[in-house]
Amino acid sequence: QIFNQHNATAPNLEQAFHRMAQMEPNLDHDVSWFLLPSYWAKMVVALISFLCFANSYDGDFVFDDSEAIINNKDLRAETPLGDLWYHDFWGSKLSSNTSHKSYRPLTVLTFRINYLFAGGFYPVGFHVINIILHCAISVLMVDVFSILLGGLQFSNKGRRLNLAPKSSLLAALLFAVHPVHTECVAGIVGRADLLCALFFLLSFLGYCKAFRENKEGHTFSVFWVLVSVVLGAIAMLCKEQGITILGLNAVFDALVINKINLLELIRKLLYKDKALENAGLFRKGLLFRITLLMCGGASILYIRWRIMGTGPPAFTEVDNPASFADSLFVRAINYNYYYSLNAWLLLCPWWLCFDWSMGCIPLIKSVSDWRIIALAALWFCLIGLICQALCSEDSHKRRILTLGLGFLIIPFLPASNLFFRVGFVVAERVIYLPSIGYCILFTYGFSLLSKQAKKKKILAVAVLGILLINVMRCALRSSQWRSEEQLFRSALSVCPLNAKVHYNVGKNLADKGNQSAAIKYYREAVRLNPKYVHAMNNLGNILKERNELHEAEELLSLAVQIQPDFAAAWMNLGIVQNSLRRFEEAEQSYWTAIKHRKKYPDCYYNLGRLYADLNRHIDALNAWRNATVLKPEHSLAWNNMIILLDNTGNLAQAEAVGREALELIPNDHSLMFSLANVLGKSQKYKESEALFLKAIKANPNAASYHGNLAVLYHRWGNLDLAKKHYEVSLKLDPMAPGTKENYNLLRRKLEQLQKKGG
């Protein structure tokens, strides 16, 4: 009976504790919004966040996905797992001068798991994981916002109380449906930001758990503080921004746990007040916890520095032009303008673009530029918010504004250019975490308006309308991220001055075979950025294929003049010079390309073709052999070796090379065809026939395959089969060289045999 009485009174104690906690100022008193139980609130947030991005699940690999996933050898099983810890996000060695130093091994590991489970590069699995991650993060936001907006309180049973259920639901919905998150969710490389955010939030929630009073009555748990540090380290191994959670945990500790008044603390520090202890700085445990956070952060950064090396990442002026400006004034004013653009994307995420570099945002070089207004507006708002966060007499207001500004600014610092140069101008993905601060400030502003408004329902309907518009914008933007064509074309109206946008539209058109349209966009890219060597190279390639060799040579020569170590442009220049029969210059261009890129199998292949044209057969064979050593699956190089040896009468050597090639590339029908020709000439008819038939099965519409098999049967004496395959060959290609003559010879022979038989 005593046991039952204890259980009966427990809920009353918990309710009393809840009432005591609610005596503090609370946003929910003023917010006119839906009140749902915690479970249902999380279900609603998960469902709406899923609906926003669900249509991206069957999208392609787009933009940076090609380099980070398709061309990244770290995803393949043959690459040792240990290599992930010494390579950057794109699969390059961190020690390389060309590495971007983006160290995200855990993100790459998830890509590798995706690849292994899917059995190849199938984008659906990659997209589904991204959508699930965003849904999970949005659900966690309900708990995070309940702490940031309502404070940290526990019941007598140690259960955390949600003191702001309405406000936390609204803020979580704002986060879940923000269109600026589309790049992170619909773009597969955005996985880095999603994983970082997941462990970032878990680190914060773990730190909050440290203050749940344990059975021994201790005021905080060292274990959970250390868990928070470890989770922060994991967040950083997913993306660099993750380390900032340790700073935010310290800010949260000072403001929420120790209730420090920053302005009062600053005053006492300035005047060396003896009552400094009363300000909360030396309260039991605070300095110890901050020391743990600082030591953990310093250790993580040191380990990363040792792995990464001391060299800074290599970026070019087109990636971030402001960072290359000679004038400190120009750098400072443009950095601040970039900050204002990021703030605008949070406030009005309508104009979104996959890339904001390369002329999209022209530099501000004078105070007479009207865009200075954006800087003034940004700092007017920030200074106003900072003054309120420091000087307000309302401690609740001070706490929320400071936390909102902290979550807005601190996670953005690694992308701010303040500590090191970054490789972009504006990037929507880097404001995934700072948007937490925006949602806090928006929700607090809504509560203030609700407090003053007489018709609160109209205000609630307006916010509901904003959420609905954002959901539709997310769905539209997600559909644009489903294919490169839609993504690149969507950017033309947002950043018409961005040479990279025109380049990517042109590249997409060229890949689809629309060369005429591609040329137009490549020319515009070069016009917008006369030093855009990649656009020159691709345009030169198309002009080369269209036999416009002189203009192609001009473009490629200019490209290598601008960037002397551009190996691909040197190789393409060599191909053009070879076509113009300027063989010595072509040879020099090929060797220059190889000098700048030691392992360049395609260049060795083209060098071999040059030597073959000059009848330098030994040199040609050596060049093609180098190509196959560097790239064993280089089918064209193997084929050319077999054909050259065959044509020069070295049948035994040609056969040996052909067999070696088929061992490495067993399903290549062109190799089967070439080796079958050699075996036929060596009178190994049965083996030759088997290879011809296998090649035809793989590629039944190749007229030459049927024609050469017919020749084999003709030599072999199987005249009926020879006649059959001659006819198939002529049906597929009536103009096939030599086939018609051979067929006529066979028919005459068959007629003669019939006459003799008659």
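Along the chain as shown, the residues are counted starting at 1.
Even glycines carry a Cβ here, placed using N, Cα and C.
All annotation found in TrEMBL is predicted automatically rather than curated by experts.
Positions annotated as domain 'DUF1736' by TrEMBL: 311-383.
Residues annotated as repeat 'TPR' in TrEMBL: 499-532 (among others). For the repeat 'TPR' (499-532), the mean pLDDT of the prediction comes to 94.
The annotation repeat 'TPR' is assigned in TrEMBL to 533-566 (among others). Among residues of the same chain six or more beyond the repeat 'TPR' (533-566), those with a C-beta under 8 A of the stretch's C-beta atoms are 499, 502-503, 506-507, 510, 515, 518-519, 522-523, 525-526, 572-573, 575-577, 579-580, 592, 596.
Secondary structure of the repeat 'TPR' (601-634), assigned with DSSP and counted as helix (H, G, I), strand (E, B) and coil, comes to 27 helix, 0 strand, 7 coil. Marked as repeat 'TPR' by TrEMBL: 601-634 (among others).
Annotation source TrEMBL lists repeat 'TPR' at 703-736 (among others).
For 33-54 (among others), the entry in TrEMBL reads transmembrane segment.
Sequence annotations record features per position, and here TrEMBL assigns transmembrane segment to 131-151 (among others).
Long-range contacts of the transmembrane segment (188-208) within its own chain (CB-CB distance under 8 A, at least 6 residues past either end) are made by residues 61, 63-65, 68-69, 89, 104, 106-107, 110-111, 123, 126-127, 129-130, 133-134, 136-137, 140-141, 143-144, 147, 152, 160, 224-225, 227-229, 231-232, 234-236, 238-239, 241-242, 244-246, 248-249, 252-253, 411, 429-430, 432-433. As annotated by TrEMBL, transmembrane segment applies to 188-208 (among others).
Away from its own ends, the transmembrane segment (220-237) comes close to residues 103-106, 195-200, 202-204, 206-207, 209-212, 214, 243, 245-246, 249, 285, 289, 292-293, 296-297, 300, 304 of its chain (Cβ-Cβ under 8 Å, at least six residues beyond either end). Taken from TrEMBL, the feature transmembrane segment applies to 220-237 (among others).
Under the heading transmembrane segment, TrEMBL lists 243-266 (among others). Listed by sequence, the residues of this chain that lie at least six past the ends of the transmembrane segment (243-266) yet keep a Cβ under 8 A from its Cβ atoms are 147, 151-152, 200, 203-204, 207-208, 211, 228-229, 231-233, 235-236, 279-281, 283, 286, 289-290, 293-294, 296-297, 300-301, 389-391, 395, 398-399, 402-403, 406-407, 410-411, 413-414, 433.
Marked as transmembrane segment by TrEMBL: 286-305 (among others).
Here TrEMBL flags 372-391 (among others) as transmembrane segment. Under 8 Å from some Cβ of the transmembrane segment (372-391) lie the Cβ atoms of residues 262-263, 333, 336-337, 339-341, 343-344, 364, 397-398, 401-402, 404-405, 441, all in the same chain and six or more residues away from its ends.
Positions annotated as transmembrane segment by TrEMBL: 403-424 (among others).
Taking Cβ pairs closer than 8 Å, the transmembrane segment (430-449) reaches residues 27, 30-31, 141, 144-145, 148-149, 167, 170-172, 174-175, 178, 180-181, 184, 190, 193-194, 196-197, 200, 241, 244, 342, 345-347, 385, 400-401, 403-409, 411-412, 414-415, 424, 459, 463 in its own chain, all 6 or more past its ends. If you look up TrEMBL, you'll see 430-449 (among others) marked as transmembrane segment.
Same-chain residues lying 6+ beyond the ends of the transmembrane segment (458-476) with a Cβ under 8 Å from its Cβ atoms: 32-33, 48, 51-53, 55, 170, 173-174, 177-179, 181-182, 349-350, 446, 449-450. Positions annotated as transmembrane segment by TrEMBL: 458-476 (among others).
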Using a Cβ distance cut-off of under 8 Å, indicate which of 33-54, 131-151, 286-305 has the most pairs with the transmembrane segment (403-424). 131-151
Please list, for the domain 'DUF1736' (311-383), how many residues fall into helix, strand and coil according to DSSP. 36 helix, 0 strand, 37 coil
The repeat 'TPR' (499-532) - residue tally per DSSP class, helix then strand then coil: 27 helix, 0 strand, 7 coil
Contact set of the transmembrane segment (286-305) with the rest of its chain, CB cutoff 8 A exclusive, min separation 6+ beyond the ends, reads 103, 210, 220, 222, 225-226, 228-229, 232-233, 236, 243, 246-247, 249-250, 253-254, 257-258, 280
State the residues, same chain only, that lie 6 or more residues beyond the ends of the repeat 'TPR' (601-634) and have a CB under 8 A from a CB inside it; answer 'none' if no residue qualifies. 567, 571, 574-575, 578, 583, 586-587, 590-591, 593-594, 640-641, 644-645, 648, 661, 664-665
